[in-house]
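Chemist: Just lifted these from Swiss-Prot, have a look:
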- 1-4: topological domain 'Lumenal' (TOPO_DOM)
- 5-24: transmembrane segment (TRANSMEM)
- 25-110: topological domain 'Cytoplasmic' (TOPO_DOM)
- 42-100: coiled coil (COILED)
- 111-131: transmembrane segment (TRANSMEM)
- 132-155: topological domain 'Lumenal' (TOPO_DOM)
- 156-172: transmembrane segment (TRANSMEM)
- 173-200: topological domain 'Cytoplasmic' (TOPO_DOM)
């Protein structure tokens, strides 16, 4: 079983990743993966894309056919196009409803596994110390703040540890990002200098 310290840390890593990558990006990726599974929804998606190609093809043929010179052929293509368009729109509505339902399910699961778990841990372990502080190292008021609101004095509470983890992860991410940007600018700098020297 994972210790409380690491559990809270990994929950905050997950929250940070979801906030950084973006919930809609994750939802879209999960929808694409879901459509790869052998389900009725994936069959509907394949049928919808087939109907879309058919509608585009029929529209192209209609545009290439003169409505005055070849009216019978144009009218036949128009009827096929209208029928395919109606089927496409019906399938699109059905698929949109399924995607909306899927998105709600994913949002609920994502919230429960990140923020919901964080809130649960804060309430369930509110009186449990995350770890104990060495006796006599800190003054009374520092021990009181670190154990706020309900952990025993002389320990670190779940709420304080949550704040520490969230802040540490955000700061480390900023440091890593700035280092990567610095390295990228240094590696791009010699290449641009070499191009400038060749131009002279």
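The backbone N, Cα and C atoms fix where each Cβ goes, and this holds for glycine too.
I'd like these features described in context: how deep, what's nearby, how far apart.
Modeler: Looking at the coiled coil (42-100) alone, the prediction's average pLDDT is 92.
Counting same-chain residues at least six beyond the ends of the transmembrane segment (111-131), those with a Cβ under 8 angstroms from any Cβ of the stretch are 4-5, 7-8, 11-12, 14-15, 18, 147, 149-152, 155-162.
Under 8 Å from some Cβ of the topological domain 'Lumenal' (132-155) lie the Cβ atoms of residues 126, all in the same chain and six or more residues away from its ends.
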Chemist: Which sequence positions outside the transmembrane segment (5-24), separated from its termini by at least 6 residues, show Cβ-Cβ distances below 8 Å to it?
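Modeler: Contacts with the transmembrane segment (5-24): 107, 110, 113-115, 117-118, 121, 130-131, 158, 161-162, 165-166, 169-170, 173.
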